[in-house]
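Notes to accompany the following structure.
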Amino acid sequence: MARETERRKQLHNKVEDLKGKIRVYVRVRPLSSKEVERACAEAVASEGKQSVVVQDKKNGANRTWDFDQVWAGSELGGNTQEAIFKDTGYLVTSAVDGYNVCIFAYGQTGSGKTFTMFGAGGVGGGMNTATGECGPGAGVAPRAVGELFRVLKERQPQYTYNVTVTMFELYRDGLRDLQARHGDGAKLVIKLAEHSGTGLVVVEGGIETVANSVKDLVDTIAAGADRRAVSSTQMNADSSRSHLICSMVISSTNTRTGSVVRGKLTLVDLAGSERVGKSGAAGEQLKEAQSINKSLSALGDVIAALTSGSAHIPYRNHPLTMMMSDSLGGNAKTLMFVCASPADYNTSETINSLQFAARCKDVTNSSVAGGAAQLQALQRELNRLKAPENGTAPKKPAQLGRPV
Ligand SMILES: Nc1ncnc2c1ncn2[C@@H]1O[C@H](COP(=O)(O)OP(=O)(O)OP(=O)(O)O)[C@@H](O)[C@H]1O
């Protein structure tokens, strides 16, 4: 039984690896009321579950991209928070198994990143923190927290756990601890994994909070998210002007052997890219926008280096890429949501975002040769192991991931 459990866990993570280093999901939100007022037409649609088509009027042609998943249109058509997490939640298990997992949202300002990552009504909105159950509006973060504690509970008492959370925002290239009270800021220094002594990126001077329950974790994340820099722009009434980086480190101890594995689940809600002329940014907002665009271009450079198999990955070029360095490339499992507006008014930004996403997918393609057939075979075996009649529902983790 223990051997089968171990095999199931190995298969789960192998299947995830075969699916690619960076999984790319595209989410196109419905037209906003502003876009409707502006009489915008819908220029972006899904075609099947994995293709997105953009009517590029400027070039008089339709352009199509393929990704791992595409959701577009209304909730009635299946573009729901629940459906999105259904294809995301498995990564939480990988973090408990000892992997570094990063889920991040990228896209134009006002395209739905915060909505996707946190949800309508904020982090705790629409969630019963006593049971971990989420209402329809809850985004990835509260659902991931619920799933995390569900998996931890399932694996007790063979394992005991320690979950800690850190939360930072990167605003105009400066790092701010979202758990520190205003004005309390200690000096923060980013230590890359190879220098931190833990094998993970660590922010020296940052606050690390222990979370023993769904409520602890959701309350901590919600309080941090409330401290984030937000302002009203022409493109979005509640525009996030900073990158938010929330990391949960999960240490699990095998109560029989005493061995410990540690995984990290990082959720990143990036600040929105924007064309400064169009967004009407001036003065301080212009400086904000320029700094956001600079950081996103550093992220693009890291992705490009990973894509080309370059020996040097320029993580050190920006605090954003330093913060994400243990979650992008290497053994990490990364999922990127590319959020987009459907409006023709935003076509050129949508095309830019999809081009960025297509580059990220190439990191995927470099992973394993002959992967498709292998993936199918492993998936079949995994399904067999998960079948109820063989009674091997996963109960305890094997020693995967990096021993501490
Ligand atoms: N899938 C969706 N369904 C319905 N409404 C959505 C969806 N996605 C986003 N919205 C709405 O669109 C608006 C902009 O979304 P959001 O604030 O998440 O954008 P953002 O990409 O985080 O923007 P910024 O980069 O400026 O912070 C919000 O009012 C949000 O509620």
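We count from 1, first residue shown onward.
Placed from the backbone N, Cα and C atoms, the Cβ positions cover glycine too.
Taken from TrEMBL as is:
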type	residues	note
BINDING	G107, Q108, T109, G110, S111, G112, K113, T114	ATP binding site
DOMAIN	21-363	domain 'Kinesin motor'
REGION	384-404	region 'Disordered'
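Most other Cβ atoms within 10 A: among the binding-site residues T109, T114, that distinction falls to T114. Neighbour density for G110 (ATP binding site): within 10 A of its CB lie 27 other CB atoms from the protein chains shown. Long-range C-beta contacts of S111 (ATP binding site), restricted to its own chain and to partners at least six residues apart, with a cutoff below 8 Å, comprise R29, G272, C339, A340, S341, N346, E349, S353.
The DSSP secondary structure for T114 (ATP binding site) is helix. Around K113 (ATP binding site), taking its Cβ as the centre, 28 other Cβ atoms fall within 10 Å, counting all chains. Ranking the binding-site residues G107, G112 by the number of CB atoms within 10 A of their own CB puts G107 at the top.
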